[in-house]
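Asker: Below are the structure tokens for one structure; questions will follow.
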Amino acid sequence: MRERGEKIVMLTAYDAVTARILDVAGTDVLLVGDSIGNVSLGYDSTLPVTLDEMVVATRSVARATERALVVADLPFGTYEAGPEQALASAVRLVKVGANAVKLEGGRTRAQTVQALTDAGIPVMAHVGFTPQSVNALGGFRVQGRGEKAADRMVADVQALGEAGAFAVVLEMVPEPVAARVTELSPMPTIGIGAGGRCDGQVLVWSDMAGMTQWTPRFAAQFGQVGTALSQAAGAFAQAVRSGSFPAPEHWFDA
Ligand code: KIV
Ligand code: NA
């Protein structure tokens with residue numbers, strides 16, 4: 001797609017009902033993101049997400065998806081020890097239907113990316129703001145500001161690409177830096193809060209669809225699905241309370 005100049009469209013999905021809708025809508029990549037922690041599991045970060053939780057979500061998304069590439073996040077604590085740990089974790093996600101895995105970090109992950117790739121598991125990298133390192137990064141901050149930091153990001157992406165990564169997410173990176181990284185990257189870049197010159201874009205589906213009032217500045221709401229769902233639930237409640245639901249067409253005769 002990058003060679004053809006076609007933008008890569010990626011959204012998160014965490015369950016079958018959502019994955020089916022996003023897949024049929026023509027999304028290229030469905031990411032079973034560890035943002036499931038914030039969106040679906042009620043955690044206040046991605047750090048508590050377990051591999052077992054990712055396995056359930058990945059199996060659900062993979063079963064419902066016919067067209068899109070399914071990429072599953074390796075959650076915090078399941079790959080940082082090195083290639084052996086990463087391979088054991090990634091295998092569990094591939095066994096339930098992931099076509100590829102994603103992991104966070106720069107050149108320090110190159111050996112791990114190489115090991116997974118050697119094992120036949122495609123790897124998507126993730127640099128810039130990496131939410132699993134929020135404590136080390138000191139909060140939700142744009143990454144790659146300044147010439148040194150930008151150079152470091154270019155080198156990270158090149159090392160990850162040489163190790164075999166097939167794509168890289170750039171999160172919260174200044175627009176000109178993301179453009180330069182994209183230009184020098186051996187593999188496609190997929191941006192979130194990284195401007196329009198990446199090879200693709202990713203959003204958390206609930207931000208994209210307007211499920212909640214608040215969304216990060218880099219997201220846009222392409223629908224008001226939260227409002228629509230709330231209205232549907234309100235209409236159901238009213239119909240039950242007034243006795244207009246169920247009607248004869250909804251019940252069974254003797
Ligand atoms: O978990 C996630 O949703 C992600 C995307 C923001 C890239 O990693
Ligand atoms: Na993630």
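The backbone N, Cα and C atoms fix where each Cβ goes, and this holds for glycine too.
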Asker: In TrEMBL, Asp34, Ser35, Asp73 are given as binding 3-methyl-2-oxobutanoate, so which of Lys102, Lys148 is in that site too?
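Answerer: TrEMBL names Lys102 for this 3-methyl-2-oxobutanoate site.
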Asker: If I take the Cα of Glu171 (active site, proton acceptor) as reference, which of the binding-site residues Asp34, Asp73, Glu104 has the closest Cα?
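Answerer: Comparing Cα positions, the candidate nearest Glu171 (active site, proton acceptor) turns out to be Glu104.
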Asker: Measuring Cβ to any atom of ligand 2 with a strict under-6 Å cutoff, which of the recorded positions Asp34, Glu104, Glu171 qualify?
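Answerer: Near the molecule: Asp34.
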Asker: Looking at the binding-site residues Asp34, Ser35, Asp73, which ones sit with their CA no more than 10 Å from the CA of Glu104 (Mg(2+) binding site)?
Answerer: Asp73
